Amino acid sequence: MSKKEIDASNHDQWLRDEPSALAKLLSPLAGYGVTISSMFRPVETERYPFEKPRVMPRFHGRHQLNRYDDGLEKCIGCELCAWACPADAIYVEAAPNTPEAQYSPGERYGRVYQINYLRCILCGFCIEACPTRALTMTHEIDELVGDGREGLIYEKQNLLVPLPEGALAAPHPMAQGCEDSDYYRGEVSGPTQNQVDWVRANRPDDPSLATVKVVNQKEAVR
Ligand code: SF4
Ligand code: SF4
């Protein structure tokens with residue numbers, strides 16, 4: 001056996017030297033030093049649920065389904081979010097948009113949309129997968145607790161954002177002169193007269209008619 005191998009098997013060589021008498025005397029003070037210095041730092045205790053916790057700007061809280069400025073829904077029912085989810089927490093059922101009921105630009109919309117918060121780990125993979133930015137995450141975490149299973153399976157109506165100011169409730173046709181690609185490029189800035197006329201003819205009692213702010217066609221496509 002070589003000298004090097006003999007040294008490697010001698011574990012005592014890794015022990016530190018015996019501390020000096022002075023070091024032994026001061027070591028309790030060093031321990032208290034950490035405690036005492038911590039006593040003068042600001043208190044970091046979170047008082048949740050009595051006070052909302054401070055979260056970072058990119059914090060992942062409850063999801064939301066977004067709308068365009070004219071009120072159409074951004075979700076096109078493509079299911080990419082559901083396929084990206086590692087916890088199998090999202091369920092989407094798409095349905096075709098028709099001239100009688102158009103909920104989103106393009107061919108299809110998300111008719112059924114569920115997120116199961118008993119499974120969700122708030123990883124954010126789903127929002128990365130969404131091609132239209134229909135799905136994003138808020139800073140809300142308060143309501144993601146409950147004493148029953150049903151309350152933690154969020155449906156589309158729980159996730160869909162309220163109508164933007166001046167927008168028109170869906171369903172209604174796309175803004176006059178616009179294609180679905182104009183929506184995806186963010187070029188629609190509000191409802192046009194053709195949309196208001198359509199809702200007035202088909203749902204004269206729709207409450208959003210009272211607050212709608214029509215933009216002319218030039219403004220609708222920025
Ligand atoms: S945040 Fe993650 S776990 Fe939750 S629904 Fe999205 S992909 Fe699934
Ligand atoms: S939220 Fe986005 S990814 Fe999910 S179905 Fe709707 S458009 Fe597709």
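Cβ from N, Cα, C; glycine included.
Any TrEMBL annotation is an automated prediction that lacks curation.
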Candidate sharing the [4Fe-4S] cluster 1 site with C75, C78, C81 (per TrEMBL), from C123, C130: C130
Among C85, C120, C123, which are recorded as binding-site residues, the nearest neighbour of C130 ([4Fe-4S] cluster 1 binding site) by Cα: C85
Cα-to-Cα gap, C120 ([4Fe-4S] cluster 2 binding site) vs C81 ([4Fe-4S] cluster 1 binding site), nearest whole Å: 12
Spatial separation of C126 ([4Fe-4S] cluster 2 binding site) from C75 ([4Fe-4S] cluster 1 binding site) - C-alpha basis, Å: 13
Cα-to-Cα gap, C85 ([4Fe-4S] cluster 2 binding site) vs C78 ([4Fe-4S] cluster 1 binding site), nearest whole Å: 14
Number of other Cβ atoms within 10 Å of the Cβ of C75 ([4Fe-4S] cluster 1 binding site) across all protein chains: 26
Cβ within 8 Å of the mean position of the Cβ atoms of C75, C78, C81, C130: remaining residues of the chain near [4Fe-4S] cluster 1: I76, G77, E79, L80, V92, G110, C126, A129, P131, T132, A134, L135
